[in-house]
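Asker: Sequence annotations record features per position, and here Swiss-Prot assigns dUMP binding site to Arg21, Arg126, Arg127, Arg166, Ser167, Ala168, Asp169, Asn177, His207, Leu208, Tyr209 based on sequence analysis. If you look up Swiss-Prot, you'll see Cys146 marked as active site, nucleophile. Sequence annotations record features per position, and here Swiss-Prot assigns (6R)-5,10-methylene-5,6,7,8-tetrahydrofolate binding site to Asp169, Ala263.
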Amino acid sequence: MHQYHDLLERILSDGAQKHDRTGTGTLSVFGHQMRFNLAAGFPMVTTKRLPLKAIVHELLWFLKGDTNIKYLHDHGVTIWDEWADANGDLGPVYGYQWRSWPTSDGGQIDQISNVVDMIRRNPDSRRLIVTAWNPADVEKMALPPCHCLFQFYVANGKLSCQLYQRSADVFLGVPFNIASYALLTMMVAQVTGLKLGEFVHSFGDVHLYSNHIEQARLQLSRTPRPLPTMTLNPDVKDIFAFRYEDFALAGYDPHPHIKAEVAV
């Protein structure tokens with residue numbers, strides 16, 4: 001995962017000091033890209049431990065089209081608690097836009113179903129896109145989408161995915177996002193009968209919060225270990241049929257967790 005360490009080092013050396021919505025302050029760079037060959041191992045950061053359960057359940061929650069944290073709580077995941085209202089609702093965030101994008105005539109668009117179907121029918125299409133950034137709904141969301149648009153690409157029987165992330169918390173969020181979208185790409189590849197290509201992660205404002213600087217330096221002092229492997233249950237052929245038990249991570253031997261406070 002040298003790509004991630006290179007990004008941390010770039011921000012520490014070249015980042016501009018900026019104010020931000022949370023009042024914490026950041027070091028920030030604008031425009032960066034990382035590439036991961038998904039056939040070479042599952043891109044899960046090894047220089048600190050990541051919570052696989054939270055990564056998988058959040059992705060399954062998105063794919064359900066859910067926007068209430070009850071499902072997450074039922075599975076012991078609390079990563080969205082700071083933004084939910086008293087009823088556990090978050091407004092029309094990721095899952096709603098992915099599965100139920102509202103149309104002007106009162107209908108809804110299931111972008112996930114559409115993109116999977118299009119990959120099967122027309123893999124050379126340049127319209128294999130899902131977006132969570134809906135300007136009409138942004139003000140209704142507890143937190144506007146940070147990872148806001150992704151595009152699939154098929155070549156030589158391999159599926160790749162590129163994510164555009166407008167805003168990225170490099171210490172807490174980015175390792176999580178890498179693993180989540182790598183996993184989504186694996187799932188889509190399986191249900192469309194394709195091999196694995198690349199996950200390409202493109203950023204707008206990628207930043208290190210001022211209260212994460214020492215943690216980032218600690219992480220950079222650690223030597224990355226071999227990437228783990230992720231195996232999916234080969235019997236699952238429907239993107240919406242995956243369950244937590246269908247994912248098996250092997251060979252994950254990370255350095256210890258590094259505690260850091262989330263900026264709300």
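A Cβ is built for glycine as well, from the same backbone N, Cα and C atoms used for every other residue.
Context for these features, please: burial, neighbours, distances.
Answerer: DSSP classifies Arg127 (dUMP binding site) as coil under the three-state reduction. Arg127 (dUMP binding site) is surrounded by 10 other CB atoms, counting those within 10 A of its CB over all protein chains shown.
Taken residue by residue with DSSP, Cys146 (active site, nucleophile) is part of neither helix nor strand, so it is coil. Cys146 (active site, nucleophile) is surrounded by 19 other CB atoms, counting those within 10 A of its CB over all protein chains shown.
With a 10 A radius on its CB, Asp169 (dUMP binding site) counts 22 other CB atoms from all the protein chains.
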Asker: So, three-state DSSP: helix, strand or coil for His207 (dUMP binding site)?
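Answerer: Once the DSSP labels are grouped into three classes, His207 (dUMP binding site) ends up as strand.
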Asker: When DSSP states are folded down to helix, strand and coil, where does Ala263 ((6R)-5,10-methylene-5,6,7,8-tetrahydrofolate binding site) land?
Answerer: coil
Asker: So which of the binding-site residues is most packed in, judged by how many other Cβ atoms lie within 10 Å of its Cβ, out of Arg21, His207?
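Answerer: Answer by Cβ density within 10 Å: His207.
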